[in-house]
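Everything below concerns the one structure shown next.
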Protein chains: 2
Amino acid sequence: MTPAQIDGFMGEAIQEAKKAAALGEVPIGAVVVLNGQIIGRGFNLRERFHDPSQHAEFQAILAASRYMKSWRLTGAQVFVTIEPCIMCAGLIQQARIESVYYGAADPKAGGVESMYHILSDSRLNHQVAVYPGVRAEETGNLLRHFFRAIRQRRKQEKIKYQANQVTK
Amino acid sequence: MTPAQIDGFMGEAIQEAKKAAALGEVPIGAVVVLNGQIIGRGFNLRERFHDPSQHAEFQAILAASRYMKSWRLTGAQVFVTIEPCIMCAGLIQQARIESVYYGAADPKAGGVESMYHILSDSRLNHQVAVYPGVRAEETGNLLRHFFRAIRQRRKQEKIKYQANQVTK
């Protein structure tokens, strides 16, 4: 895959992440690619659906599996804006994904390089090639801006609450 | 939880596993329990739905999340006939499950004691109590009988095929 293609597919994952942000969900997005075509898309919707499996790459892989009518996605690539968690890394390994491209690392919960190295574990029955740091600043900024906005909103609500207490 | 209760809930998980076997799927079953009541059930249906996430405990947890309208299942117990894989262990950890009771270990893919110790990892934001070996022989036998039957069927098909070749 050429650098321009990699950039382009990560751009598609970023578009998915922005859909999550628009709904107030943590902005993480993903696409699954096979033979140069996108066969699955997903974005984080964990709060909306009360569903712990609604991570972006998880939903993109399930969409691709439905499309391919197979839980084996041999030869497919996953593009995801943030390092997959342990659960998603487990799914990627089981689905026989060929390679994973991701943006920023997730030091607190990442299952690919930060906490565990599930995709390169030679004891398991399939290994996945890993390409970290694709448009990493951009994908990391999506998250940073999202959480900064939440903190600012909470701060303003606190100031408002305290002002109300004083005027009572 | 008393030994009789633990045995009883594992019995429910075994009933789920038998539903999978009846459909020709690998016989693994699970239930999720909260305050002594079953709030989610699941059995392995990976082939039927072309869906790599159709593991028994995964589906039982999603059912429980829908029932509770929350992806956090604080205080809940999972009973599953076989040691959870890496993906399912990741989900159990994220769903804030209190404890996991399982039967036989899975030396090739287990994420709880065999390959990884995801549920007791003190670096993660939540730890899960683990009780292995519940009705282990029975749950292990379910799998052994299932795979033995598959091997025998394949052997008979091979003998039949060779006999046909000879008579041609």
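Any Cβ shown, glycine's included, is placed from N, Cα and C.
Any TrEMBL annotation is an automated prediction that lacks curation.
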Which one, A:HIS50, A:HIS55, is listed by TrEMBL in the same Zn(2+) site as A:CYS85, A:CYS88? A:HIS55
Measuring Cα to Cα, how far is A:GLU57 (active site, proton donor) from A:CYS88 (Zn(2+) binding site) in Å? 7
All-chain count of other Cβ atoms within 10 Å of A:CYS85 (Zn(2+) binding site): 28
Out of A:HIS55, A:GLU57, A:CYS88, which of the recorded positions is least crowded by other Cβ atoms within 10 Å? A:HIS55
Model confidence over the domain 'CMP/dCMP-type deaminase' (A:4-113) (mean pLDDT, whole number): 95
DSSP tally for the domain 'CMP/dCMP-type deaminase' (A:4-113), helix/strand/coil in that order, comes to 41 helix, 27 strand, 42 coil
